[in-house]
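A.B. asks: Supplied in structure tokens, the structure appears directly below.
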Amino acid sequence: MHLEERFPDVFYLNFIFNFLAIIPLSNIMTIGVEDLSAFLGPKYQAVLHALSGNFVELVIESYALMDGRYAIVRSAVLGSILCNITLVLGITFVVGSWPTARRRDGKPALHTEFEIGTFVDTSSSILALAFLALMIPAAFKIAAVPVDTTDHRLVDCNLQNISHATAIILMLVFIGLLVFQLKTHAHEVIDVKEFDHHKIYNWLFDIILIAGSVAGITICARTLVSSIEELGDKFELGTGFIGIVLLPLCGTFIEHYQAIAEAARDKVDTAISVILNTSVQMALLIAPILVSVGWIYGRPLTLDFNILEISVLGCAILIVNYLVADNKVHWLEGYMLIVSYVLIAIAFFYLPNLHDEHPPILDCNPWSRNLNKTKVEGIGEAGGAEG
């Protein structure tokens with residue numbers, strides 16, 4: 001008798017244990033990254049902080065990808081972006097603008113507001129571009145399926161080609177953003193006054209911390225992913241809720257906490273920069289990496305998000321763009337973002353469980369709108385024989 005048959009709750013306990021174990025491990029990695037960023041300079045701080053947080057999600061989603069759980073991977077990518085630009089950004093706005101005695105300075109209660117930096121405008125624009133890129137495959141599938149006469153093989157093939165091209169283009173956009181952040185406009189996207197110029201302890205020790213935490217995260221993530229389906233079955237949670245809500249809260253919990261703590265210490269630009277860098281990196285780097293890994297290892301991950309996922313992402317980005325248009329925010333705007341996240345979480349809580357479809361690995365020609373000629377002829381002959 002297998003262990004899970006004798007102890008039916010073992011997988012659920014494993015999920016909870018590894019879910020919680022990743023939190024201190026990611027904190028250890030963040031400590032090492034923070035120390036290294038102090039050595040490199042303030043312009044690298046937000047980029048490295050966001051990368052350390054996204055690494056946890058990359059490991060988790062890579063395991064899910066290799067297991068063929070494409071629906072969870074897509075939901076987790078969008079869930080990370082949504083969690084950052086609604087829940088975490090909203091809490092940061094509230095904490096950073098709440099009128100304490102020190103901040104009020106003669107202003108009426110609950111009327112404190114603060115100005116935000118240049119990178120907020122840039123990030124919101126890039127997120128709008130990312131939404132367009134992620135929406136195109138989903139819209140293509142909706143438009144192409146009704147006219148596909150090859151049992152969806154042609155649509156699946158073209159979706160793979162579109163997703164691969166989108167991943168490459170998004171990574172090129174990310175490279176351009178790095179040049180903007182670290183070279184041409186570095187002085188505009190950071191607030192040097194908020195940078196923590198602490199003494200670096202030992203760069204070799206930092207490397208050991210990061211390597212050890214990476215090893216621990218990798219082990220815990222394997223067990224975490226393997227028990228996702230059992231957790232969903234026990235508590236009747238859909239893959240959408242697990243991917244949109246649970247995994248992002250686990251993967252980047254420490255980054256969320258640290259961003260909110262920075263806002264409470266009046267380092268609002270630093271907090272917002274970390275949050276938006278995390279969201280932008282997820283859209284421009286992590287999602288393309290996952291598509292590319294699937295492409296290399298024969299896991300046909302496509303970017304055809306379902307209509308609910310892509311709709312809430314577009315609405316969330318639209319709301320953020322409206323709120324930051326005047327480069328000033330206050331606690332009520334943060335409260336609106338938090339409410340937006342709650343509404344999204346409720347919708348995905350009631351969304352039925354989405355079973356993963358496993359599209360075949362097709363002989364796709366990236367330079368043509370069709371399958372390779374032999375495949376198309378075979379499909380046509382089969383259709384004629386049936387007629």
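Counting starts with 1 at the first residue shown.
Including glycine, each Cβ sits where the backbone N, Cα and C put it.
According to TrEMBL, the domain 'Sodium/calcium exchanger membrane region' annotation covers 13-182, 207-349. Taken from TrEMBL, the feature transmembrane segment applies to 12-33, 76-98, 119-142, 162-182, 203-225, 237-254, 274-297, 303-324, 331-351.
For each listed feature, how buried is it and what is near it?
C.D. replies: Within the chain, the transmembrane segment (12-33) has long-range Cβ neighbours (under 8 A, six or more residues past its boundaries) at 48-49, 51-53, 55-56, 205-207, 209-210, 212-214, 216-217, 220-221, 223-224, 226-228, 230-231, 234, 246, 250-255, 258.
Taking Cβ pairs closer than 8 Å, the transmembrane segment (203-225) reaches residues 14-15, 18-19, 21-22, 25-26, 28-29, 31-33, 35-36, 39, 55-56, 59-60, 63-64, 67, 69, 250 in its own chain, all 6 or more past its ends.
Residues 46-47, 49-51, 53-54, 57-58, 61-62, 65-66, 73, 77, 80-81, 84-85, 88-89, 92, 119-120, 123-124, 126-127, 130, 133-134, 160, 163-164, 166-168, 170-171, 173-174, 177, 252, 255, 258-259, 262, 303 of the same chain lie 6+ residues outside the transmembrane segment (274-297) yet bring a C-beta within less than 8 angstroms of a C-beta in it.
A Cβ distance under 8 Å defines the sequence-distant neighbours of the transmembrane segment (303-324), meaning residues of its chain 6+ beyond its ends; these are 74-75, 78, 81-82, 85-86, 89, 116, 120-121, 124-125, 127-128, 131, 134-135, 137-138, 140-142, 159, 162-163, 166-167, 240, 244, 287, 291, 333, 336-337, 340, 344, 347-348, 351, 354.
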A.B. asks: Counting a contact as 3 or more Cβ pairs under 8 Å, with residues at least 6 apart in sequence, do the transmembrane segment (331-351) and the transmembrane segment (162-182) touch?
C.D. replies: no
A.B. asks: Of the listed stretches (119-142, 162-182, 237-254), which one yields the highest count of Cβ-Cβ distances below 8 Å with the transmembrane segment (76-98)?
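C.D. replies: Selected stretch: 237-254, with the most Cβ pairs under 8 Å.
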